[in-house]
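Novice: Per Swiss-Prot, the feature phosphoserine maps to Ser594, Ser632; the stated evidence is similarity to another entry. For Gly24, Arg285, the entry in Swiss-Prot reads site 'Implicated in sodium coupling', with the evidence type similarity to another entry. Annotation source Swiss-Prot lists topological domain 'Extracellular' at 1-9, 58-86, 145-157, 206-303, 377-406, 463-510. The transmembrane segment feature in Swiss-Prot is assigned to 10-29, 39-57, 87-110, 124-144, 158-183, 187-205, 304-324, 354-376, 407-430, 444-462, 511-532, 696-716.
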Amino acid sequence: MRAVLETADIAIVALYFILVMCIGFFAMWKSNRSTVSGYFLAGRSMTWVAIGASLFVSNIGSEHFIGLAGSGAASGFAVGAWEFNALLLLQLLGWVFIPIYIRSGVYTMPEYLSKRFGGHRIQVYFAALSLILYIFTKLSVDLYSGALFIQESLGWNLYVSVILLIGMTALLTVTGGLVAVIYTDTLQALLMIVGALTLMIISMMEIGGFEEVKRRYMLASPNVTSILLTYNLSNTNSCNVHPKKDALKMLRNPTDEDVPWPGFVLGQTPASVWYWCADQVIVQRVLAAKNIAHAKGSTLMAGFLKLLPMFIIVVPGMISRILFADDIACINPEHCMQVCGSRAGCSNIAYPRLVMKLVPVGLRGLMMAVMIAALMSDLDSIFNSASTIFTLDVYKLIRRSASSRELMIVGRIFVAFMVVISIAWVPIIVEMQGGQMYLYIQEVADYLTPPVAALFLLAIFWKRCNEQGAFYGGMAGFVLGAVRLTLAFAYRAPECDQPDNRPGFIKDIHYMYVATALFWVTGLITVIVSLLTPPPTKEQIRTTTFWSKKSLVVKESCSPKDEPYKMQEKSILRCSENSEATNHIIPNGKSEDSIKGLQPEDVNLLVTCREEGNPVASLGHSEAETPVDAYSNGQAALMGEKERKKETEDGGRYWKFIDWFCGFKSKSLSKRSLRDLMEEEAVCLQMLEEPPQVKLILNIGLFAVCSLGIFMFVYFSL
């Protein structure tokens with residue numbers, strides 16, 4: 001009989017959502033969301049503890065509880081390799097990538113590529129690739145995994161559950177900027193770890209300890225005779241009923257179908273560089289740190305936390321197979337369809353089945369609340385990130401004169417379009433992932449992300465890399481990966497009891513080896529084309545490479561002058577002349593030359609002046625501009641004060657409330673003090689300062705966490 005949520009569980013779920021909403025609204029009330037740094041980078045005020053927790057929970061969502069546990073149930077320890085690999089790559093982010101992003105004065109990854117290479121081609125390529133990955137590996141997978149949880153706990157239809165999730169996300173979305181996200185993520189991380197540890201302890205006690213888990217897992221096969229009698233199956237064939245012989249090893253032989261060690265080291269690791277070092281969702285959180293020490297501390301904390309999923313997710317998935325082998329290890333497609341609604345396999349229900357069967361009333365509701373809340377947080381982040389990327393990096397290049405309200409409308413329409421595509425993709429995920437959703441995510445990503453990783457690594461470590469090389473190398477890698485992905489969709493793996501008649505280059509070449517080829521081919525083409533074309537300018541590599549100077553230089557043209565207006569007028573004009581991106585957005589048809597003719601009260605800057613990598617904080621917000629518009633590739637927008645007043649009067653109290661809720665805020669330049677501007681500049685200059693004692697402690701932590709990661713790889717692979 002299926003276990004369901006009791007009244008006490010539902011009450012705890014409701015209380016948890018109320019608490020999360022209160023935290024979000026508190027962050028909305030207290031935080032400054034009217035500036036670029038305030039909205040997108042939490043005012044660069046977050047500590048290492050909060051960011052470390054946010055990094056962990058933004059990665060470990062419900063799709064990981066479904067996917068990691070499911071792969072643990074199906075194939076043993078192998079899937080834990082991604083977690084230990086992430087532990088190491090997080091330190092690459094903290095010690096190499098983040099200092100460069102801070103020194104460059106960028107907020108987004110497309111912005112970094114534009115600043116490093118110039119032009120818009122690579123920016124558009126990266127934006128389009130990000131949107132594809134959001135739809136096919138994030139949004140649709142999140143919807144499917146969350147729906148599985150609801151289906152297991154309430155017994156609802158999968159697609160009814162998907163629609164419910166989208167509706168709940170729309171109702172509970174809080175637009176408090178990154179402060180609210182990090183605060184709620186911190187709460188979710190605490191409860192998620194406590195809940196998962198509790199489940200691990202309960203399940204371990206049920207089995208008899210870790211050594212007993214390893215022994216009994218190798219014996220966890222379904223009772224075929226009992227299943228045939230119970231389910232009255234017309235198909236009496238059985239397949240994949242026994243655990244794999246090397247299930248207790250992490251990195252396996254070169255021909256293994258799950259984790260071949262050469263493919264993982266040479267292909268999967270470079271591909272993962274994109275997610276951990278160049279994905280906006282991850283990088284944005286670390287950029288919110290007070291300084292570089294807090295940024296490094298956050299990656300250390302997240303690295304130590306990444307030791308946990310192997311034990312609190314993967315191992316419980318294996319225990320679920322031990323306890324419920326007849327369901328988790330279904331014997332053929334017909335049986336799988338009756339158990340979980342998927343002919344590909346039922347290992348994905350391992351974790352929710354364990355929660356519903358072993359966890360006591362009350363704690364069960366808390367676990368369900370954490371899973372769904374984490375899922376909705378992921379959905380909200382994906383919606384906002386995708387909308388931002390599409391409107392600013394794609395749509396605005398097509399329609400340069402688009403107003404801010406037009407961009408807001410287009411962004412929301414695009415989100416609706418993404419939701420429709422993602423829901424339509426759910427049934428394909430159900431059947432394509434072969435019962436292991438996590439490996440589906442990795443396969444799709446490995447066909448598309450290695451070229452991006454190659455471009456970022458070359459951009460950072462090789463000064464000679466230029467725009468032409470990066471573009472043609474990236475496009476070559478993308479085309480090859482897209483062709484391979486299309487073939488993978490066209491030649492889908494047959495059901496387990498059917499012969500595999502796919503072409504040899506599809507069924508015999510593991511996707512990690514394809515990722516290896518894509519990474520190195522992209523790098524080779526990029527190097528060759530870069531050497532055959534002119535080198536990048538000094539301005540493009542001054543602050544954007546690993547070899548850049550460690551200090552920031554503030555030019556006089558971007559420094560405060562005696563009068564606020566003169567400073568801002570000269571800053572925008574001179575910084576614009578030296579900037580790579582000169583296509584500034586001037587609303588209402590104003591030209592750049594007309595700036596000099598405006599009065600101080602008519603000018604409202606929404607831009608950071610990034611000369612020589614020095615990010616000066618945004619100097620105000622028009623009510624008609626969204627926080628998203630504010631950071632649009634370091635571009636300036638001006639609007640007359642009279643027009644802003646007219647819009648406010650027309651909107652009345654209703655629009656004032658909407659503006660506050662969404663974080664829109666008007667602030668005249670004449671009211672902005674020189675002290676505020678100079679303090680913000682000083683903060684940016686101080687972010688890269690690192691006291692010797694703190695640096696020593698951080699380096700000791702770096703050695704410790706990397707040593708632990710390598711030890712775990714060796715221990716679980718021997």
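Backbone N, Cα and C atoms are what each Cβ position is placed from, and that goes for glycine too.
A quick note: this is a predicted structure, and the numbers were derived from the prediction, not measured.
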Novice: Apart from its near flanks, which chain residues at least 6 from the ends of the transmembrane segment (304-324) lie with a Cβ under 8 angstroms of it?
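Specialist: Apart from its flanks, the transmembrane segment (304-324) reaches 52-53, 56, 60, 64-65, 68-74, 76-77, 79-80, 83-84, 86-87, 90, 189, 193, 196-197, 199-200, 203-204, 206-207, 210, 213, 216-217, 220, 243, 347, 350-351, 353-354, 357-358, 705, 708-709, 712, 716.
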Novice: With DSSP as the reference, give the number of residues of the topological domain 'Extracellular' (206-303) in helix, strand and coil.
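Specialist: Helix, strand, coil within the topological domain 'Extracellular' (206-303): 56 helix, 3 strand, 39 coil.
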Novice: At least three Cβ pairs under 8 Å linking the transmembrane segment (124-144) and the transmembrane segment (444-462), pairs spaced 6 or more in sequence?
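Specialist: Between the transmembrane segment (444-462) and the transmembrane segment (124-144), which are separate recorded stretches, there is contact, as judged by 3 or more close Cβ pairs.
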Novice: Of the listed stretches 87-110, 354-376, 511-532, 696-716, which one has the most C-beta pairs under 8 A with the transmembrane segment (444-462)?
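Specialist: The stretch I would name here is 511-532.
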Novice: Given the transmembrane segment (354-376), which of the listed stretches 87-110, 187-205, 511-532, 696-716 has the most Cβ pairs that are under 8 Å apart from it?
Specialist: 187-205
Novice: Based on DSSP, tally up the residues of the topological domain 'Extracellular' (145-157) by helix, strand and coil.
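Specialist: DSSP classes over the topological domain 'Extracellular' (145-157) add up to 10 helix, 0 strand, 3 coil.
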Novice: If you draw a 10 Å sphere around the Cβ of Arg285 (site 'Implicated in sodium coupling'), how many other Cβ atoms fall inside it, taking every protein chain shown into account?
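Specialist: Cβ-Cβ neighbours of Arg285 (site 'Implicated in sodium coupling') within 10 Å number 27.
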